[in-house]
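What Swiss-Prot says about this protein:
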BINDING   64, 93  heme b binding site
DOMAIN    3-147  domain 'Globin'
MOD_RES   14  phosphoserine
MOD_RES   51  phosphoserine
């Protein structure tokens with residue numbers, strides 16, 4: 001189990017409270033699909049993913065991105081208990097969707113980039129360290145069913 005200090009929790013929740021989940025969610029998932037194009041195979045039903053502009057303008061990418069970031073919000077509420085909080089999502093992604101768990105790490109890295117671009121100077125090395133710890137712990141929790 002990952003332990004978050006009070007300072008790390010404060011760093012994460014402070015930025016998260018300012019996050020536009022709808023906007024950043026589409027941006028995060030869109031960036032994942034553009035930077036790591038092999039991840040597109042999990043989104044066959046999303047329609048046109050033929051170019052970066054098509055991906056970023058795709059309403060299904062935006063909607064699912066919002067859903068993904070909403071689950072990050074759940075992670076923030078359950079920072080001390082991530083594996084149980086993500087048990088159902090882990091099962092879904094493992095048993096039904098057959099998503100390579102490495103993709104969870106890639107999404108976490110994209111999340112950190114999105115935070116850095118949105119928050120600039122507020123995204124200090126200390127804040128980044130707290131977020132890296134969180135996205136890594138979320139990736140581990142999502143991959144839990146695979147082990």
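Cβ atoms are placed via backbone N, Cα and C, with glycine included.
Across the domain 'Globin' (3-147), mean pLDDT in this model comes to 86. Residue 64 (heme b binding site) has a Cβ environment of 17 other Cβ atoms inside 10 Å. A simple way to gauge crowding: the CB of residue 51 (phosphoserine) has 10 other CB atoms within 10 angstroms, across all the protein chains here.
Residue 64 (heme b binding site) and residue 51 (phosphoserine) are 18 Å apart (CA-CA, integer value).
DSSP labels the residues of the domain 'Globin' (3-147) in these numbers: 118 helix, 0 strand, 27 coil. Rounded to a whole number, the distance between the Cα atoms of residue 64 (heme b binding site) and residue 14 (phosphoserine) is 24 Å.
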